[in-house]
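Let me begin by presenting the structure, written as structure tokens, before commenting on it.
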Amino acid sequence: MAQTKSPSRSSLDRFSPINLKPVQDDAWSNIFKPPPNETAEEKRERIARQQEAQRVSREIDEGILESKKLLDKKKKAIKVLLLGQAESGKSTMLRNFQLAFCPTYFHGEALIWKTIIQLNLIGSVKKLLSIVEDELEISGPRSRSPTGSTSSSLSDHHRRTRMRLLPLLSMETNLTRQLLPEHYDPLRTPEICVRAGSGWKTVLEKVTLERRVHPTGQRRPMTSDGRSKDDPTLVLAASKNDIISLWEDEIVREVLKRRGVRLEDSPGFFLTDTARIATVDYEPTEADIVRARLRTFGVEEHRFLQDNGSEWYIYDVGGSRSMRPQWVPYFDDVQAIIFLAPLSFNQVLEEDRQVNRLEDSIYLWKEVCSNPLLARANIILFLNKMDILQKTLAAGIKVATYVPSYGSTPNDVENVTKYFKEKFRAYHKRLSPRPRTFFCHETSAIDTKATQAVLAGVRDGILRHHLEELNVI
């Protein structure tokens with residue numbers, strides 16, 4: 001017969017003799033015990049503190065729960081990375097995506113992009129004036145030949161035009177300093193640029209509105225329509241004729257050609273649109289906004305909610321070499337990568353003039369294809385800036401001069417595109433950790449209609465792949 005073990009004395013001591021409930025004598029319970037000789041007022045204050053602590057605790061718990069719900073929801077969303085070197089067209093492609101699938105959001109930022117476009121125009125003028133200044137220093141006064149024709153050197157007319165346009169440059173510097181207040185150095189950051197997550201859109205919108213509406217108590221010169229005299233709209237309108245005459249000047253064009261400078265191939269080029277943009281009533285078109293150039297440091301996250309209910313996150317990353325280490329954290333759980341590779345076979349990197357742009361794109365492509373973190377992601381190649389490739393080849397520039405392996409293959413768009421497409425395809429097949437389909441599109445991101453048609457197909461393909469991964473279809 002099993003013996004019943006009597007409770008020990010020490011265990012019985014833990015219960016009170018009346019109701020046998022545990023005695024609350026642990027340190028934690030002592031914290032909440034009322035102090036001895038507590039007054040009614042002290043009791044009310046103590047209870048109020050406890051209630052406040054409980055309220056804060058509930059808010060923290062609710063916040064953690066809400067964050068968990070958002071995280072779970074984000075895990076189910078479609079995540080797309082835009083990758084490529086600096087100036088490959090990532091931000092331009094992003095704006096095409098916004099225009100195609102979130103037009104209300106796209107048009108809601110028109111005021112911001114108007115200022116960016118004006119600054120792009122000023123940036124091109126800045127480059128042009130720099131070349132004119134260098135030429136004036138080395139060419140001396142313009143002289144006439146015995147036949148009466150003029151030489152190709154610049155004259156006092158060009159010098160005066162340059163002096164009249166100089167106020168545009170200080171305007172660009174002031175706004176850039178506002179957008180990038182930390183460690184601003186115009187020599188290191190010669191173009192307007194922003195840091196991701198810095199609230200630059202809010203800053204730019206504020207600055208733009210301040211120039212349109214006179215702030216109370218501020219003695220800033222104003223025009224009759226309420227605009228500030230340092231508004232780029234007014235300064236550009238006043239400088240329009242000088243900009244056009246300088247850009248269309250035959251001697252200036254000769255100087256640019258002799259120096260091998262093609263400003264029209266630069267991102268954010270609007271010099272040929274000066275007559276339309278440098279007016280007081282200018283409003284940017286959709287194509288203008290897509291073409292606008294704004295350099296971004298860091299990684300920007302953009303959320304899109306599609307009509308079919310699917311949620312998308314697109315990450316636009318900085319493409320310069322110093323920014324590339326920041327890409328890796330975004331590789332986890334990404335469904336697709338849109339990789340932009342301009343066929344700029346005759347250009348070099350801005351941060352390293354010894355590196356060919358196309359060689360750098362191929363190097364990046366190999367790194368992305370072989371990365372094990374991206375083994376399950378679809379990689380979609382956009383051979384971008386086909387319009388510039390066509391102009392480059394039409395100018396008689398030979399691919400073989402920069403890419404000796406191209407050999408004697410015909411120097412036309414079709415053959416050049418086919419040659420590099422096969423190079424990218426071969427690396428994709430050889431380096432991918434697991435078999436996957438090779439997707440490639442030839443694009444010109446500033447051609448909004450054609451690009452949006454491509455993006456619609458890409459979006460449907462990514463969505464189909466995502467649903468397959470979730471075993472929905």
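Along the chain as shown, the residues are counted starting at 1.
Backbone N, Cα and C atoms are what each Cβ position is placed from, and that goes for glycine too.
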Any idea which of 6-25, 26-45, 306-325 is down as region 'Disordered' in TrEMBL?
26-45
So how many other Cβ atoms are close to A445 (GTP binding site), meaning within 10 Å of its Cβ?
27
So of S266, T296, N384, which of the binding-site residues has the fewest other Cβ atoms within 10 Å around its own Cβ?
S266
Just the number: how many Å between the Cα atoms of A445 (GTP binding site) and T296 (Mg(2+) binding site)?
18
Record-annotated GTP contacts D265, S266, N384, K385, M386, D387, A445; largest Cα to Cα distance in whole Å is 14
N384 (GTP binding site) to T296 (Mg(2+) binding site), Cα to Cα, whole Å, comes out at 19
Report, as a single number, how many Cβ atoms besides its own are within 10 Å of the Cβ of K385 (GTP binding site).
26
Within the chain of D387 (GTP binding site), which residues six or more apart in sequence place their C-beta under 8 angstroms from its C-beta?
S444, I446, D447
